[in-house]
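Here is the structure we will look at.
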Amino acid sequence: MLALCTIWQVKCLDVKRHQTLAVLNPFKAAEHDMMQDTDLAGPLVFCLAFGGSLMLCGKLQFGYIYGIGVVGCMAMYFLLNMMSLTGVSVGCVVSVLGYCLLPMVILSSSAVLLSLKGMIGIVLTVLAVVWCSFSSSKLFVSALSMENQQPLVAYPCGLVYGVFALLTVF
Amino acid sequence: MADRGQSWPTQQDESAIIDLGDVNDRDDGSDYETDMSRGPTDGSGKGSLEEDVRKRLTDNVTQMVWNAGTQQAKRAWSLYGNIDILRPYFNVEPHEVRTRLLQSFLPRMPSSEKQRAYRELYGPLMVVFTLIALLLFQMKAAEHKVEEGTLMGTAFGVCFTYWWGTAALMWFLSYVCNAHITSIQLLSLLGYGLAGHCVVILLGTLIHTSHDHLFFYLLWAVFGGLSTLKMVGVILSRTHGKSQRLILSCTIAAIHLLFLLYLHFAYHQIVEDLSRVLDSDPVVKQPEVVNNVRTVSKDRANKTH
(Lines of atoms letter the chains of each structure in order from A; the text may use other names.)
(Lines give C-alpha, C1' and ligand atoms only; values in the text may rest on other atoms or scores of the structure.)
Protein backbone atom coordinates (compact mmCIF):
# COMPACT_ATOMS: atom_id res chain seq x y z
CA MET A 1 0.00 0.00 0.00
CA LEU A 2 2.80 2.32 0.96
CA ALA A 3 4.61 1.40 -2.23
CA LEU A 4 1.50 2.18 -4.29
CA CYS A 5 1.13 5.59 -2.61
CA THR A 6 4.80 6.33 -3.22
CA ILE A 7 4.49 5.34 -6.88
CA TRP A 8 1.38 7.54 -7.24
CA GLN A 9 3.13 10.52 -5.62
CA VAL A 10 6.19 10.05 -7.84
CA LYS A 11 3.91 9.90 -10.91
CA CYS A 12 2.15 13.10 -9.83
CA LEU A 13 5.42 14.89 -9.27
CA ASP A 14 6.62 13.63 -12.64
CA VAL A 15 3.48 15.02 -14.34
CA LYS A 16 3.95 18.39 -12.61
CA ARG A 17 7.60 18.51 -13.66
CA HIS A 18 6.76 17.73 -17.30
CA GLN A 19 4.03 20.29 -17.50
CA THR A 20 6.11 22.97 -15.80
CA LEU A 21 8.98 22.32 -18.19
CA ALA A 22 6.56 22.47 -21.14
CA VAL A 23 5.55 25.97 -20.01
CA LEU A 24 9.10 27.14 -19.37
CA ASN A 25 10.21 26.05 -22.85
CA PRO A 26 7.40 27.18 -25.19
CA PHE A 27 9.33 26.28 -28.33
CA LYS A 28 9.52 22.58 -27.49
CA ALA A 29 6.77 20.48 -29.06
CA ALA A 30 4.19 19.28 -26.56
CA GLU A 31 3.13 15.66 -26.41
CA HIS A 32 -0.43 14.92 -27.43
CA ASP A 33 -1.28 13.01 -24.24
CA MET A 34 0.47 15.37 -21.85
CA MET A 35 -2.82 16.86 -20.70
CA GLN A 36 -4.54 13.52 -20.20
CA ASP A 37 -3.63 13.68 -16.49
CA THR A 38 -5.34 16.88 -15.40
CA ASP A 39 -3.71 18.20 -12.31
CA LEU A 40 -5.10 21.05 -10.20
CA ALA A 41 -2.49 21.12 -7.47
CA GLY A 42 0.11 22.77 -9.70
CA PRO A 43 -2.24 25.55 -10.88
CA LEU A 44 -3.32 26.15 -7.28
CA VAL A 45 0.30 26.52 -6.17
CA PHE A 46 1.00 28.95 -9.02
CA CYS A 47 -2.10 31.02 -8.23
CA LEU A 48 -1.11 31.23 -4.57
CA ALA A 49 2.44 32.14 -5.59
CA PHE A 50 1.05 34.87 -7.87
CA GLY A 51 -1.11 36.25 -5.08
CA GLY A 52 1.77 36.02 -2.64
CA SER A 53 4.17 37.92 -4.89
CA LEU A 54 1.53 40.63 -5.45
CA MET A 55 1.15 40.80 -1.66
CA LEU A 56 4.88 41.49 -1.40
CA CYS A 57 4.22 44.51 -3.68
CA GLY A 58 1.53 45.74 -1.29
CA LYS A 59 -1.50 44.49 -3.23
CA LEU A 60 -4.02 42.04 -1.78
CA GLN A 61 -5.59 40.67 -4.95
CA PHE A 62 -6.48 37.07 -4.10
CA GLY A 63 -10.16 37.74 -4.75
CA TYR A 64 -9.46 39.27 -8.15
CA ILE A 65 -7.18 36.35 -9.08
CA TYR A 66 -9.94 33.91 -8.19
CA GLY A 67 -12.64 35.91 -10.03
CA ILE A 68 -10.62 36.50 -13.18
CA GLY A 69 -9.46 32.87 -13.12
CA VAL A 70 -13.00 31.52 -12.91
CA VAL A 71 -14.35 33.84 -15.63
CA GLY A 72 -11.35 33.16 -17.88
CA CYS A 73 -11.62 29.39 -17.46
CA MET A 74 -15.34 29.41 -18.18
CA ALA A 75 -14.88 31.53 -21.30
CA MET A 76 -12.04 29.32 -22.61
CA TYR A 77 -14.02 26.18 -21.83
CA PHE A 78 -16.99 27.47 -23.86
CA LEU A 79 -14.80 28.66 -26.72
CA LEU A 80 -12.72 25.48 -27.00
CA ASN A 81 -15.79 23.29 -26.90
CA MET A 82 -17.25 25.30 -29.76
CA MET A 83 -14.06 25.21 -31.82
CA SER A 84 -12.81 21.67 -31.30
CA LEU A 85 -14.29 18.45 -32.65
CA THR A 86 -13.56 16.34 -29.60
CA GLY A 87 -14.47 18.82 -26.88
CA VAL A 88 -12.46 19.53 -23.75
CA SER A 89 -13.04 19.05 -20.03
CA VAL A 90 -13.07 21.81 -17.43
CA GLY A 91 -10.18 20.17 -15.61
CA CYS A 92 -7.99 20.27 -18.70
CA VAL A 93 -8.73 23.98 -19.24
CA VAL A 94 -8.06 24.88 -15.60
CA SER A 95 -4.89 22.80 -15.59
CA VAL A 96 -3.44 24.38 -18.76
CA LEU A 97 -4.33 27.95 -17.84
CA GLY A 98 -3.03 27.42 -14.31
CA TYR A 99 0.32 25.96 -15.33
CA CYS A 100 0.83 28.67 -17.96
CA LEU A 101 0.47 31.32 -15.24
CA LEU A 102 4.11 30.65 -14.31
CA PRO A 103 5.59 33.51 -16.43
CA MET A 104 3.11 35.88 -14.79
CA VAL A 105 4.37 34.71 -11.37
CA ILE A 106 7.90 35.54 -12.51
CA LEU A 107 6.71 38.99 -13.68
CA SER A 108 4.96 39.76 -10.40
CA SER A 109 8.07 38.65 -8.49
CA SER A 110 10.17 41.06 -10.54
CA ALA A 111 7.65 43.82 -9.68
CA VAL A 112 8.94 43.61 -6.10
CA LEU A 113 12.33 44.91 -7.26
CA LEU A 114 11.52 47.23 -10.17
CA SER A 115 8.60 49.35 -11.32
CA LEU A 116 6.57 47.96 -14.18
CA LYS A 117 5.24 51.34 -15.28
CA GLY A 118 8.46 52.33 -17.04
CA MET A 119 9.64 51.23 -20.48
CA ILE A 120 11.43 48.14 -19.11
CA GLY A 121 8.31 47.17 -17.20
CA ILE A 122 6.12 47.48 -20.27
CA VAL A 123 8.50 45.33 -22.32
CA LEU A 124 8.64 42.68 -19.58
CA THR A 125 4.86 42.70 -19.25
CA VAL A 126 4.30 42.26 -22.98
CA LEU A 127 6.91 39.49 -23.04
CA ALA A 128 5.24 37.67 -20.14
CA VAL A 129 1.78 37.88 -21.72
CA VAL A 130 3.09 36.59 -25.06
CA TRP A 131 4.97 33.77 -23.29
CA CYS A 132 1.87 32.70 -21.33
CA SER A 133 -0.46 32.78 -24.32
CA PHE A 134 2.01 30.98 -26.58
CA SER A 135 2.56 28.19 -24.04
CA SER A 136 -1.13 27.73 -23.28
CA SER A 137 -2.16 27.73 -26.95
CA LYS A 138 0.58 25.21 -27.71
CA LEU A 139 -0.74 22.86 -25.02
CA PHE A 140 -4.37 23.31 -26.09
CA VAL A 141 -3.77 22.68 -29.80
CA SER A 142 -1.60 19.63 -29.09
CA ALA A 143 -4.30 18.19 -26.82
CA LEU A 144 -7.20 18.99 -29.19
CA SER A 145 -5.45 18.54 -32.56
CA MET A 146 -6.10 22.09 -33.75
CA GLU A 147 -2.69 22.97 -35.20
CA ASN A 148 -4.03 25.27 -37.94
CA GLN A 149 -6.02 27.31 -35.41
CA GLN A 150 -3.30 28.10 -32.89
CA PRO A 151 -3.54 31.91 -33.41
CA LEU A 152 -7.30 31.69 -32.78
CA VAL A 153 -6.65 29.89 -29.46
CA ALA A 154 -3.68 32.09 -28.51
CA TYR A 155 -5.59 35.37 -28.76
CA PRO A 156 -8.24 34.71 -26.06
CA CYS A 157 -5.52 33.21 -23.83
CA GLY A 158 -3.58 36.44 -24.37
CA LEU A 159 -6.62 38.45 -23.27
CA VAL A 160 -6.96 36.42 -20.05
CA TYR A 161 -3.28 36.80 -19.19
CA GLY A 162 -3.43 40.46 -20.21
CA VAL A 163 -6.03 41.04 -17.48
CA PHE A 164 -3.72 39.30 -15.00
CA ALA A 165 -0.95 41.61 -16.19
CA LEU A 166 -3.20 44.61 -15.44
CA LEU A 167 -3.45 43.35 -11.85
CA THR A 168 0.33 43.14 -11.67
CA VAL A 169 1.09 46.53 -13.21
CA PHE A 170 -1.66 48.74 -11.68
CA MET B 1 -59.06 -11.95 3.06
CA ALA B 2 -60.94 -9.15 4.71
CA ASP B 3 -61.32 -9.37 8.37
CA ARG B 4 -64.96 -9.38 9.33
CA GLY B 5 -66.20 -7.66 12.39
CA GLN B 6 -68.83 -8.66 14.77
CA SER B 7 -71.74 -7.37 12.74
CA TRP B 8 -71.03 -9.48 9.76
CA PRO B 9 -72.32 -12.72 11.14
CA THR B 10 -75.39 -10.79 12.23
CA GLN B 11 -75.82 -9.32 8.78
CA GLN B 12 -75.19 -12.58 7.13
CA ASP B 13 -77.82 -14.16 9.25
CA GLU B 14 -80.39 -11.58 8.26
CA SER B 15 -79.60 -10.82 4.55
CA ALA B 16 -77.16 -11.65 1.84
CA ILE B 17 -77.13 -8.02 0.68
CA ILE B 18 -74.39 -5.88 2.19
CA ASP B 19 -75.29 -2.26 2.62
CA LEU B 20 -72.15 -0.26 2.00
CA GLY B 21 -73.67 2.60 3.91
CA ASP B 22 -73.30 0.56 7.05
CA VAL B 23 -69.65 -0.26 6.46
CA ASN B 24 -68.50 3.12 7.68
CA ASP B 25 -70.49 2.82 10.84
CA ARG B 26 -67.97 0.64 12.58
CA ASP B 27 -64.38 -0.24 12.35
CA ASP B 28 -64.31 -3.67 10.87
CA GLY B 29 -60.55 -3.80 10.85
CA SER B 30 -60.47 -4.46 7.14
CA ASP B 31 -57.25 -4.00 5.29
CA TYR B 32 -58.71 -2.14 2.36
CA GLU B 33 -56.54 0.61 0.99
CA THR B 34 -59.15 3.19 1.74
CA ASP B 35 -60.10 3.28 5.34
CA MET B 36 -63.79 3.81 4.94
CA SER B 37 -64.46 3.35 8.62
CA ARG B 38 -63.16 6.81 9.34
CA GLY B 39 -66.12 8.51 7.76
CA PRO B 40 -68.86 10.23 9.72
CA THR B 41 -71.41 8.04 11.17
CA ASP B 42 -74.46 9.86 9.94
CA GLY B 43 -74.58 8.36 6.46
CA SER B 44 -72.08 10.71 4.74
CA GLY B 45 -69.77 7.84 3.90
CA LYS B 46 -70.65 8.39 0.26
CA GLY B 47 -69.36 11.99 0.54
CA SER B 48 -66.08 10.75 1.89
CA LEU B 49 -65.79 8.23 -0.93
CA GLU B 50 -66.52 10.90 -3.49
CA GLU B 51 -63.98 13.22 -1.98
CA ASP B 52 -61.41 10.51 -2.05
CA VAL B 53 -62.18 9.68 -5.65
CA ARG B 54 -62.03 13.38 -6.55
CA LYS B 55 -58.72 13.76 -4.74
CA ARG B 56 -57.27 10.74 -6.55
CA LEU B 57 -58.52 12.04 -9.86
CA THR B 58 -56.98 15.44 -9.18
CA ASP B 59 -53.67 13.85 -8.24
CA ASN B 60 -53.64 11.71 -11.37
CA VAL B 61 -54.48 14.58 -13.65
CA THR B 62 -51.84 16.78 -11.98
CA GLN B 63 -49.26 14.04 -12.41
CA MET B 64 -50.16 13.60 -16.08
CA VAL B 65 -49.97 17.33 -16.76
CA TRP B 66 -46.64 17.53 -14.92
CA ASN B 67 -45.18 14.62 -16.90
CA ALA B 68 -46.38 16.04 -20.20
CA GLY B 69 -45.01 19.49 -19.35
CA THR B 70 -41.64 18.02 -18.28
CA GLN B 71 -41.31 16.08 -21.51
CA GLN B 72 -42.16 19.15 -23.57
CA ALA B 73 -39.61 21.21 -21.68
CA LYS B 74 -36.93 18.53 -22.14
CA ARG B 75 -37.68 18.35 -25.86
CA ALA B 76 -37.50 22.13 -26.21
CA TRP B 77 -34.25 22.25 -24.24
CA SER B 78 -32.64 19.53 -26.35
CA LEU B 79 -33.70 21.42 -29.47
CA TYR B 80 -32.85 25.04 -28.56
CA GLY B 81 -30.76 24.87 -25.41
CA ASN B 82 -28.08 22.66 -26.88
CA ILE B 83 -25.08 24.91 -27.39
CA ASP B 84 -23.86 22.63 -30.17
CA ILE B 85 -26.12 24.59 -32.52
CA LEU B 86 -23.56 27.42 -32.20
CA ARG B 87 -20.64 25.24 -33.39
CA PRO B 88 -20.90 26.18 -37.10
CA TYR B 89 -20.48 29.87 -36.19
CA PHE B 90 -17.07 29.21 -34.61
CA ASN B 91 -15.67 27.26 -37.56
CA VAL B 92 -13.28 29.87 -38.99
CA GLU B 93 -9.68 30.13 -40.13
CA PRO B 94 -7.23 32.79 -38.88
CA HIS B 95 -6.92 34.46 -42.30
CA GLU B 96 -10.72 34.78 -42.55
CA VAL B 97 -10.91 36.57 -39.20
CA ARG B 98 -8.08 38.91 -40.21
CA THR B 99 -9.76 39.74 -43.54
CA ARG B 100 -13.13 40.41 -41.94
CA LEU B 101 -11.55 42.66 -39.30
CA LEU B 102 -9.90 44.77 -41.98
CA GLN B 103 -13.05 44.85 -44.09
CA SER B 104 -15.02 46.22 -41.14
CA PHE B 105 -13.16 49.52 -41.76
CA LEU B 106 -13.73 49.54 -45.53
CA PRO B 107 -17.25 50.65 -46.43
CA ARG B 108 -18.66 49.94 -49.88
CA MET B 109 -21.14 52.07 -51.77
CA PRO B 110 -24.61 50.54 -51.54
CA SER B 111 -25.76 49.08 -54.83
CA SER B 112 -28.45 46.77 -56.06
CA GLU B 113 -26.22 43.81 -55.18
CA LYS B 114 -26.49 42.52 -51.62
CA GLN B 115 -23.37 43.08 -49.55
CA ARG B 116 -22.12 40.01 -47.75
CA ALA B 117 -22.98 39.71 -44.05
CA TYR B 118 -21.05 36.90 -42.39
CA ARG B 119 -22.60 34.38 -40.05
CA GLU B 120 -19.79 34.06 -37.59
CA LEU B 121 -19.45 34.57 -33.86
CA TYR B 122 -15.75 33.93 -33.10
CA GLY B 123 -14.45 37.25 -34.45
CA PRO B 124 -17.22 39.42 -32.92
CA LEU B 125 -16.82 37.64 -29.56
CA MET B 126 -13.08 38.29 -29.56
CA VAL B 127 -13.66 41.96 -30.45
CA VAL B 128 -16.10 42.30 -27.53
CA PHE B 129 -13.62 40.65 -25.14
CA THR B 130 -10.91 42.98 -26.44
CA LEU B 131 -13.15 45.97 -25.75
CA ILE B 132 -13.74 44.66 -22.21
CA ALA B 133 -9.99 44.32 -21.65
CA LEU B 134 -9.36 47.85 -23.00
CA LEU B 135 -12.09 49.29 -20.76
CA LEU B 136 -10.45 47.57 -17.78
CA PHE B 137 -7.11 49.06 -18.83
CA GLN B 138 -8.70 52.49 -19.13
CA MET B 139 -10.44 52.23 -15.75
CA LYS B 140 -7.30 50.95 -14.03
CA ALA B 141 -5.22 53.76 -15.56
CA ALA B 142 -7.77 56.32 -14.41
CA GLU B 143 -8.14 54.68 -10.95
CA HIS B 144 -11.84 54.62 -11.63
CA LYS B 145 -13.79 53.36 -8.62
CA VAL B 146 -17.10 51.52 -9.00
CA GLU B 147 -19.58 51.68 -6.16
CA GLU B 148 -21.72 48.59 -5.57
CA GLY B 149 -19.84 46.51 -8.12
CA THR B 150 -16.55 45.60 -9.70
CA LEU B 151 -14.60 46.92 -12.66
CA MET B 152 -14.85 43.54 -14.40
CA GLY B 153 -18.61 43.34 -13.88
CA THR B 154 -19.08 46.88 -15.17
CA ALA B 155 -17.03 46.24 -18.29
CA PHE B 156 -18.80 42.95 -19.03
CA GLY B 157 -22.20 44.45 -18.42
CA VAL B 158 -21.63 47.48 -20.60
CA CYS B 159 -20.15 45.63 -23.56
CA PHE B 160 -22.45 42.63 -23.68
CA THR B 161 -25.53 44.75 -23.04
CA TYR B 162 -24.62 46.97 -25.98
CA TRP B 163 -23.84 44.02 -28.28
CA TRP B 164 -26.91 41.92 -27.56
CA GLY B 165 -29.24 44.82 -26.83
CA THR B 166 -28.47 46.66 -30.04
CA ALA B 167 -28.66 43.43 -32.03
CA ALA B 168 -32.10 42.71 -30.54
CA LEU B 169 -33.33 46.22 -31.32
CA MET B 170 -31.99 46.09 -34.88
CA TRP B 171 -33.50 42.65 -35.37
CA PHE B 172 -36.88 43.98 -34.31
CA LEU B 173 -36.60 47.01 -36.59
CA SER B 174 -35.41 44.79 -39.44
CA TYR B 175 -38.45 42.60 -38.95
CA VAL B 176 -40.73 45.65 -39.01
CA CYS B 177 -38.96 47.20 -42.01
CA ASN B 178 -38.70 43.87 -43.83
CA ALA B 179 -34.92 43.83 -44.15
CA HIS B 180 -33.28 40.61 -45.32
CA ILE B 181 -30.88 40.07 -42.46
CA THR B 182 -30.84 37.46 -39.70
CA SER B 183 -30.06 37.83 -36.01
CA ILE B 184 -26.70 36.02 -36.33
CA GLN B 185 -25.70 38.36 -39.17
CA LEU B 186 -26.63 41.37 -37.05
CA LEU B 187 -24.59 40.03 -34.10
CA SER B 188 -21.64 39.47 -36.43
CA LEU B 189 -21.99 42.92 -38.06
CA LEU B 190 -22.24 44.79 -34.76
CA GLY B 191 -19.43 42.75 -33.24
CA TYR B 192 -16.99 43.51 -36.03
CA GLY B 193 -18.17 47.14 -35.94
CA LEU B 194 -16.83 47.40 -32.37
CA ALA B 195 -13.30 47.02 -33.75
CA GLY B 196 -13.36 50.77 -34.45
CA HIS B 197 -14.27 51.43 -30.82
CA CYS B 198 -11.34 49.27 -29.69
CA VAL B 199 -8.89 51.31 -31.77
CA VAL B 200 -10.26 54.63 -30.48
CA ILE B 201 -10.24 53.51 -26.82
CA LEU B 202 -6.68 52.15 -27.13
CA LEU B 203 -5.26 55.27 -28.79
CA GLY B 204 -7.23 57.55 -26.50
CA THR B 205 -5.86 55.82 -23.38
CA LEU B 206 -2.26 55.70 -24.56
CA ILE B 207 -2.19 59.31 -25.85
CA HIS B 208 -3.50 61.95 -23.45
CA THR B 209 -4.39 65.44 -24.57
CA SER B 210 -5.09 67.50 -21.52
CA HIS B 211 -6.40 70.64 -23.24
CA ASP B 212 -9.18 69.61 -25.56
CA HIS B 213 -10.87 66.63 -27.07
CA LEU B 214 -9.93 67.38 -30.67
CA PHE B 215 -7.79 64.26 -30.96
CA PHE B 216 -10.58 62.07 -29.63
CA TYR B 217 -13.19 63.63 -31.94
CA LEU B 218 -10.85 63.07 -34.86
CA LEU B 219 -10.50 59.38 -34.00
CA TRP B 220 -14.25 59.17 -33.37
CA ALA B 221 -14.99 60.58 -36.81
CA VAL B 222 -12.43 58.46 -38.66
CA PHE B 223 -12.63 55.01 -37.08
CA GLY B 224 -16.13 55.26 -35.68
CA GLY B 225 -17.37 56.76 -38.93
CA LEU B 226 -15.76 54.11 -41.13
CA SER B 227 -17.18 51.20 -39.15
CA THR B 228 -20.60 52.88 -39.03
CA LEU B 229 -20.60 53.44 -42.80
CA LYS B 230 -19.68 49.79 -43.34
CA MET B 231 -22.63 48.59 -41.25
CA VAL B 232 -25.00 51.08 -42.85
CA GLY B 233 -23.91 49.96 -46.33
CA VAL B 234 -24.64 46.31 -45.54
CA ILE B 235 -28.07 47.09 -44.10
CA LEU B 236 -29.03 49.44 -46.94
CA SER B 237 -28.18 46.78 -49.52
CA ARG B 238 -30.60 44.39 -47.78
CA THR B 239 -33.54 46.78 -47.30
CA HIS B 240 -36.09 48.10 -49.77
CA GLY B 241 -38.02 51.30 -49.37
CA LYS B 242 -36.69 54.78 -48.58
CA SER B 243 -38.31 55.26 -45.19
CA GLN B 244 -37.31 51.78 -44.03
CA ARG B 245 -33.72 52.37 -45.07
CA LEU B 246 -33.74 55.73 -43.31
CA ILE B 247 -35.05 54.25 -40.06
CA LEU B 248 -32.55 51.40 -39.97
CA SER B 249 -29.48 53.38 -41.01
CA CYS B 250 -30.16 56.31 -38.66
CA THR B 251 -30.81 54.00 -35.72
CA ILE B 252 -27.68 51.95 -36.10
CA ALA B 253 -25.49 54.99 -36.82
CA ALA B 254 -26.81 56.92 -33.82
CA ILE B 255 -26.44 54.04 -31.36
CA HIS B 256 -23.01 53.04 -32.62
CA LEU B 257 -21.51 56.55 -32.49
CA LEU B 258 -23.19 57.55 -29.23
CA PHE B 259 -21.87 54.40 -27.54
CA LEU B 260 -18.31 55.47 -28.34
CA LEU B 261 -18.98 58.92 -26.89
CA TYR B 262 -20.36 57.26 -23.76
CA LEU B 263 -17.28 55.05 -23.37
CA HIS B 264 -15.03 58.08 -23.63
CA PHE B 265 -16.87 60.44 -21.33
CA ALA B 266 -17.85 57.83 -18.75
CA TYR B 267 -14.43 56.27 -18.24
CA HIS B 268 -11.69 58.27 -19.94
CA GLN B 269 -12.71 61.79 -18.99
CA ILE B 270 -11.64 61.09 -15.43
CA VAL B 271 -8.02 60.83 -16.60
CA GLU B 272 -8.20 64.36 -18.04
CA ASP B 273 -9.77 65.77 -14.87
CA LEU B 274 -7.12 64.13 -12.69
CA SER B 275 -4.33 65.50 -14.89
CA ARG B 276 -5.82 69.01 -14.67
CA VAL B 277 -6.21 68.80 -10.89
CA LEU B 278 -2.68 67.53 -10.38
CA ASP B 279 -1.21 70.28 -12.60
CA SER B 280 -2.85 73.05 -10.52
CA ASP B 281 -2.15 71.50 -7.08
CA PRO B 282 -2.07 74.34 -4.38
CA VAL B 283 0.39 72.29 -2.27
CA VAL B 284 3.07 73.12 -4.85
CA LYS B 285 2.62 76.85 -4.14
CA GLN B 286 3.24 76.47 -0.39
CA PRO B 287 6.90 77.66 -0.33
CA GLU B 288 5.79 81.01 -1.92
CA VAL B 289 3.14 81.43 0.78
CA VAL B 290 5.69 80.80 3.53
CA ASN B 291 8.03 83.40 1.99
CA ASN B 292 5.22 85.94 1.81
CA VAL B 293 4.40 85.38 5.50
CA ARG B 294 8.06 85.90 6.44
CA THR B 295 8.21 89.12 4.42
CA VAL B 296 5.06 90.47 6.04
CA SER B 297 6.28 89.61 9.56
CA LYS B 298 9.65 91.30 8.84
CA ASP B 299 7.85 94.41 7.62
CA ARG B 300 5.76 94.55 10.78
CA ALA B 301 8.81 94.04 12.96
CA ASN B 302 10.56 96.92 11.18
CA LYS B 303 7.55 99.20 11.60
CA THR B 304 7.25 98.59 15.34
CA HIS B 305 10.92 99.40 15.82
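Even glycines carry a Cβ here, placed using N, Cα and C.
What TrEMBL says about a protein is an automatic prediction, not a curated fact.
What you see is a predicted model, and the numbers here were worked out from it, not measured in a lab.
The domain 'Yip1' annotation in TrEMBL covers A:23-166. Taken together, the residues in the domain 'Yip1' (A:23-166) have a mean pLDDT of 89 on the 0 to 100 scale.
Look at TrEMBL and you will find A:40-57 (among others) tagged as transmembrane segment.
The transmembrane segment annotation in TrEMBL covers A:64-80 (among others).
What TrEMBL records for A:86-107 (among others) is transmembrane segment.
Annotation comment: TrEMBL describes A:119-140 (among others) as transmembrane segment. Using a Cβ-Cβ cut-off under 8 Å and counting only residues 6 or more beyond its ends in the same chain, the transmembrane segment (A:119-140) has close neighbours at 22-23, 26, 30, 34-35, 80, 88, 96-97, 99-104, 106-107, 110-111, 146, 150-151, 153-155, 157-158, 161-162, 165, 168-169.
Packing against the transmembrane segment (A:152-169) from elsewhere in the chain are residues 50, 54, 59, 61, 64-65, 68, 72, 75-76, 79-80, 83, 97, 100-101, 104, 107-108, 111, 116-117, 121, 125, 128-130, 132-134, 136-137, 140-141, 146: each is 6 or more residues past its ends and has a CB under 8 Å from a CB in it. What TrEMBL lists as transmembrane segment is A:152-169 (among others).
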